[in-house]
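Scroll down for the structure; my scribbles are underneath it.
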Amino acid sequence: MRNRQRNYPLHGWLGLLLAAIFWFLNWYLEGVRTHLTFFPLWLGYILAIDGLVFMRKGTSLVNRSKTGFLLLFIFSIPLWWLFELFNTVLQNWHYTGREYFSDVAYALYASLNFSTVLPAVFVTGEFVSTFRLPALNKRRWKTGKNLPPFFFISGWVMLVLFLVWPRIFFPFVWISVYFIVEPVNYWLGFKTLLHYTQSGNWRPVWNLWIGVVICGFFWELWNYYSWPKWTYELPYLNQPKIFEMPLAGYLGYLPFSLELFALYNLLSGMLRIKVSDNFIQPE
């Protein structure tokens, strides 16, 4: 970002209004309510942050392609359900208040709310990209012919380990998918983080990491007084906690952002959808 700042856009103000209203309603209404407030609260967050991005760099996810922006919500649904599937084995998080919903209602509300994960992380990552960061790492990570197969095999080993021995290897859920999908993207010619790191450009990785930690803070903050809400049960690492999340659990957000990026590029590539890297790569 080197251009002059622009006025804060209308959709950003709309986002701030949504976030303020539904943050209040989510915390202060009584009874079961978060299934109705979660989506508009996070839509407000996404639009508000996207507005900041546009103000700082003159382009943003919403501004560049409204269709691409909507696709993030659609892609996000199956991506998070994948981790819900893994959690049937891991049992690392639980939804209190699930009993108030039929299976159909739960699936519909959950899918709507899961749709906000991908756009929230990507828009926040792009916001981070508008700031100057110190050159934290310029080391070239040469891909070569051996690294992708090593990633691929390692990913499957980690996946098997956490499915067979979940109490020991549960952290692998947050990195194994990246190790499996990233080399597939590389072999198929889709976008990958390896294309950046092999030239010594780690900025996209840092943008995703910082962006997802910011999202993680707000996920856990807004969840704390929600109802229904999620809680965690991590073997050996369940204390201390910040909100409902064990402190050690916040580390899982870092590789999780890489998994989201890899899965997004896999889906986009398979569907032949042209994607831009503007949301992680500073101008």
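Placement of Cβ uses the backbone N, Cα and C atoms for every residue, glycine included.
Record features, source TrEMBL:
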TRANSMEM  12-29  transmembrane segment
TRANSMEM  35-55  transmembrane segment
TRANSMEM  67-86  transmembrane segment
TRANSMEM  106-128  transmembrane segment
TRANSMEM  149-166  transmembrane segment
TRANSMEM  172-194  transmembrane segment
TRANSMEM  206-227  transmembrane segment
TRANSMEM  247-267  transmembrane segment
Which of 12-29, 172-194, 247-267 contacts the transmembrane segment (106-128) most, counting Cβ pairs under 8 Å: 247-267
Region pair the transmembrane segment (247-267) / the transmembrane segment (67-86), three or more CB pairs under 8 Å: yes
Outside the transmembrane segment (149-166), six or more residues from its ends: residues with CB under 8 Å to it: 86, 89-91, 172-173, 175-184
